[in-house]
Amino acid sequence: MGDIPEIGSISKRHGIQPGWTRKYEVQPEGPISIDPGNDCEDVEDNENTAFTWEVKANNWDFHTKFKEKFLCWQKKKYKTNAIHTAKYNFFSFLPLNLYEQFHRVSNLYFLLIIILQGIPEISTLPWFTLFAPLVCLFLIRATRDLVDDVGRHRSDHAINNRPCQILSGKSFTWRKWKHIQVGDVVCLRKDSIVPADLLLLASTEPSSLCYVETADIDGETNLKFRQALTVTHQELTSATKMASFQGTVRCEDPNSQMHQFVGSLEWNHRKYPLDIGNLLLRGSKIRNTDACYGLVIYAGVDTKIMQNCGKIHLKRTKLDLLMNKLVILIFLSLVAISLALTLGFSVMIKDFKWKHHYLSVKHTRTEILESFLIFWSFLILLSTVVPMSLFIITEFIYLGHSLFINWDAGMYYKPLAMPAKARSTSLNDQLGQVQYIFSDKTGTLTQNVLTFKKCCINGHIYGPEDEDGTPRQEMPYMWNEFADGKFLYYNKQLLHTVRHRQDGVVQEFWRLLAICHTVMAQEEDNQLLYQAASPDEEVLVTAARNLGYVFRSRTQDTITVLELGEERVYQVLAMMDFTSDRKRMSVLVRNPEGSICLYTKGADTVILERLYKRGEMEETTEEILADFAGQTLRTLCLAYKEVSEEDFEVWESQHHRACLLLQNRAQALYQVYDKMEQNLQLLGATAIEDKLQDGVPEAIKCLKEANVKVWMLTGDKQETAVNTGFACQLLTENTLILEDQEINCILETYWESNNNLLSPGRNLKSLPQINMAMVINGDFLDQLLLSWHKEPQALVQNVVMDKTWQEPGQMRRDFRQAVGLSRMWQNSRFPLALASHTQESPKVRRERAFVDLASRCQVVICCRVTPRQKAQIVALVKKYRQAVTLAIGDGANDVNMIKTADIGVGLAGQEGMQAVQNSDYVLAQFCFLKQLLLVHGRLSYVRISKFLRFFFYKTAACMMGHIWFSFYNGFTAQPLYEGWFLALFNLLYTILLVFYIGLFEKDVSAEQSLDMPRLYMAGQREALFNYRIFFQAIAHGTATSLINFFMTLWISRDTAGPASLGDYQSFAVTVAVSGLLSVIMEAILVIKYWSVLCVLAVFLSLGFYAIMTFFTQSLWLFRISPSTFPFLYADYTVLTQPSNLLVILLNMATTTLPILAFRVIHQHFRELRPKEEEALKDEIFTVERMLHLRRAAPTRRSSYAFSHREGYADLITRGAILKKSPKLHRDSPVPSDEEQQPHRNTRKTSFVVKKIHQSLGS
């Protein structure tokens, strides 16, 4: 809750503001001054503090002289405001990209082979024949990386060149963001984006308030307020005074803590405390404030949002990493085989020299040197087992898969005319292996549009007329001149009842909505406009407005409402603000008739237990609330009561005494509020719909069936996030929700007790699976992830736990819940092997235990988390689960998470394009994620896996023949095949088949993939390509080469004549043709999706072989270069003899029929085998089977429509938020006389606040 400032005089300095509870409180560093007129603290310097960041206003020379030592040179301590999120620059692109390229072991392998090919004594082919393809491969990958990085450079350029007004001399001038420096004073207008982290100095609003929207930081669209110090608000009233401002700010070094800031302002020999409430963060947007002025504290990469952005990671797929290991394995195998063959050569050469000693003159090299050269010759000869064409073809297949994603009409979003886009072409197969999805909420799952859907008054439901098919009346609110034309809700019966004043309860219902709120009203161009702290408040007040109860204006102690044309002024006696613990808001007013009424709205869990009776109407309303909750509507209960003068006088004295307390004031006030909010009369309930994006529940349901876990990471409050979880079917009524207390209890039980987490027979994995969800917040993660923090330890020490006030009975219920869970875990004892992490530190063990527990949950919802915390959660899952993760979001607060995940998906939403620019894939709607994963991801994984398996098979089937031939050529490293056959086998003869398998092969249609989500689980298990599949392919290829080689050898052993295969060339051609036909037959057998393209690929492969053989074995090429084209008419000679054709046919049948029979028999037995029942469903215990663990009230209904932050009621009652009449206006600080704009209002000062200061000061 640290992102909401404390506003006020005494309450601000002591952290005891009414209606405000902070879970963490920053303790002041020295004695506190209670002079409210200057907000001053005599902050003592402490040697142990981390306040080493010093900023002097309007003093640029001071900041430029500070340097930090970095390696061998020094860099500036205070950065400029320019940002650079791109990976490369002009100078670093080539070396850095080459460094990344050689992270692939295959590239190092090919480089070694090229170097060996450059040695004439051992070379079998010219070095450039391998060098050219390697350069081509590097260029393809480098071009892809360059295109991605150019987009980042363009984004950085656009952001760095945004305009901004900076104080220069005694006036403000327009300059670019990149020119902003620490210590500058900046002027921002309404709807401007904050360019750096600024200390708010003044604004045109009363008391120098400033309203900001932080959607790009935490995803919340409700307004937050920031306030300048009183001293700067009163003194800095013009550009001239700001130019002479020489204050010094001392604060913490740049860090990633978005909701915390500690510092002090030293000015005129006085020190004033600063907290997060005085800071405007970069990325925020100024709302409802004509102009504000700020001092730059952090700039550029030092700002909190940039500290949370993270770095660009080199993303590698699981198949890519597996290929690295396989290349190493193959290389080591080739070295071993080459050594064995070299040993055979050394034996043969010794025997040859002993028998033919008279030829020793021609053998000038020693046996050791000959063996050494033969070893490298064998290594080069066998290096074709890993051909470079494999990786080049893979790049083109990835490109094809990306184009299929871009061309998919099913992921085209018509309202925005936006198709899906694959910004990365190397992660497509990993889309088919995702196990965890981390999703933002606002703008990703929801549309961020709230609508008034239904209401229940006195036990009667009033839904929209068009819900049951009745056509909606056009312009139903024409009778109301103040009606909002965009308001869609309409109920004829309700409107008739309201207009004719037929029901007193209905009147009180709408009167409550018009009075009990913190909305501000203003008129512009004869239009009534509302400024609300949350969209929920605005929707409710607008509903009352359209129904004839129009909130017109408010002062410090009155509210004016136009009730069906009659203006009524209510005197505000007290405002009892909303807090996350109270879950309600109340207003005590005196109506024009003189009677006192209390109007209360809040969550049903707190309102229903405060009613003075529970009759039939109350029970009916409770059932209706359950029905509303089942429709995933955000509910709010409304109640009121009349208060006698005697009771009010007694309560007022208690309230006054509580307000004068200097310690525990907030707790005392909450208790006083609770006394008044008793014996209420229920009026009814409202139901607001937080609209989800189209198809979100269906998409999540489908993904869950595919064994994909969806976690929600949001900066929004817990109640809103939980409600969205129910709406999108992440949570159900039978889900047991674990919160901070229960999680801590479970972790402590398995970690610190005598039943240690890592002891034999005890582990979280041994727990029975329960249908449960985990709901945690950012504060909990801060405590859990202390080992991840890089901030100074002093910052952590300044944050202490504060005992927040809780509702009566809530602490007892939470304790019983935690104890019940702990006992359940203790009673579950299942044998498990010893853990292998006994050497880990306690912090790491705690993190591992947390991830294990979270992975046992069906859903995890993280609320109030910063962008850095989102990335840390993703990193934890990657670290301890080794699972493929996908992050999806639409705002700048999701960038770090998107970068950290294995796959990042950006939604083109309302929060800008930052997420899109840092993502791997771009979608317009969350529901398209189902199509992206289950169709494109699964098919890409299937195709790549089958492509790799077939490629390794065909390579082994032909190239292993060199090994068998070595036993018959004296181990001389002579190739078995014609050189042109070796060169064209992968590049031409089989390329169409592997392209077809990699691009078009599929086992089921796209519709069937969506209908059967469980098919997706094969990719999660890595079932289609792994070590076992690889060795199967190599074994199959080796068997094929053995049959083709030795069948041909045995048949031709005792033959002679023209039809004989006894000569080298005829034998080589027969084995080559047999191998090629065996490979083509294998392709025909494994391809499941046949089309015209497949038939063409088969015939063109044969055609290419016939055509190229005709040319390479022709007479005219033989005459030109006999050494290059030695196989003169070899194929023609062999293939024109029927006996040779029979040998080829026999080889092909022998290699094909056994494997075909094996596959048919294996498939038959698989179909006969009874299907295994899903043990998961049998192990899951629903909440009904654990009644003793249920909460006192259903968690489902605690998600109420009340999302604004506390503190606004105090601003209203103090008058700090109210604009006064023109006679009280003061001159505002203006940029210059020339730049003064007619539409900008001048800044006002609250007269009431000044009077309070004077009275307290005296």
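Including glycine, each Cβ sits where the backbone N, Cα and C put it.
Features of the protein shown, as given by TrEMBL:
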ACT_SITE  ASP440  active site, 4-aspartylphosphate intermediate
BINDING   ASP440, LYS441, THR442, GLU537, PHE578, LYS601, ARG634, THR714, GLY715, ASP716, ARG864, LYS870, ASN893, ASP894  ATP binding site
DOMAIN    68-130  domain 'P-type ATPase N-terminal'
REGION    1222-1258  region 'Disordered'
TRANSMEM  326-349  transmembrane segment
TRANSMEM  369-393  transmembrane segment
TRANSMEM  979-999  transmembrane segment
TRANSMEM  1029-1052  transmembrane segment
TRANSMEM  1064-1085  transmembrane segment
TRANSMEM  1092-1118  transmembrane segment
TRANSMEM  1138-1161  transmembrane segment
Margin query: So if I exclude everything within five residues of the ends of the transmembrane segment (1138-1161), which remaining residues of that chain have a CB under 8 angstroms from its CBs? That is, six or more out.
Written below: 1036, 1039-1040, 1043-1044, 1047-1048, 1051-1052, 1059, 1061, 1066, 1070, 1073-1074, 1077-1078, 1081-1082, 1085
Check: If you average the pLDDT over the domain 'P-type ATPase N-terminal' (68-130), what number do you get?
Finding: 82
Notebook entry, point to check: If you measure from the Cα of ASP440 (active site, 4-aspartylphosphate intermediate), which of the binding-site residues PHE578, GLY715, ARG864 is the nearest?
Noted result: GLY715
Item checked: Maximal Cα-Cα distance (Å) across residues annotated as binding ATP, namely ASP440, LYS441, THR442, GLU537, PHE578, LYS601, ARG634, THR714, GLY715, ASP716, ARG864, LYS870, ASN893, ASP894 -> 34
Margin query: Using a 10 Å radius around each Cβ and all protein chains in view, which of these binding-site residues has the most neighbours: THR442, ASN893?
Written below: ASN893
Item checked: All-chain count of other Cβ atoms within 10 Å of ARG634 (ATP binding site) -> 25
Next item on the list: Answer with yes or no whether the transmembrane segment (326-349) touches the transmembrane segment (979-999) by the criterion of at least three Cβ pairs under 8 A, sequence separation 6 or more.
Entry: no
Notebook entry, point to check: the transmembrane segment (1092-1118): which same-chain residues, six or more beyond its ends, come within Cβ distance under 8 Å?
Noted result: 978, 980, 984, 988-990, 992-993, 995-996, 1000, 1076, 1080, 1083-1084, 1124-1132
Margin query: Applying a 10 Å Cβ distance cut-off over all chains shown, what neighbour count does GLY715 (ATP binding site) have?
Written below: 29
Item checked: Three-state composition of the domain 'P-type ATPase N-terminal' (68-130), taking helix and strand from DSSP -> 25 helix, 7 strand, 31 coil
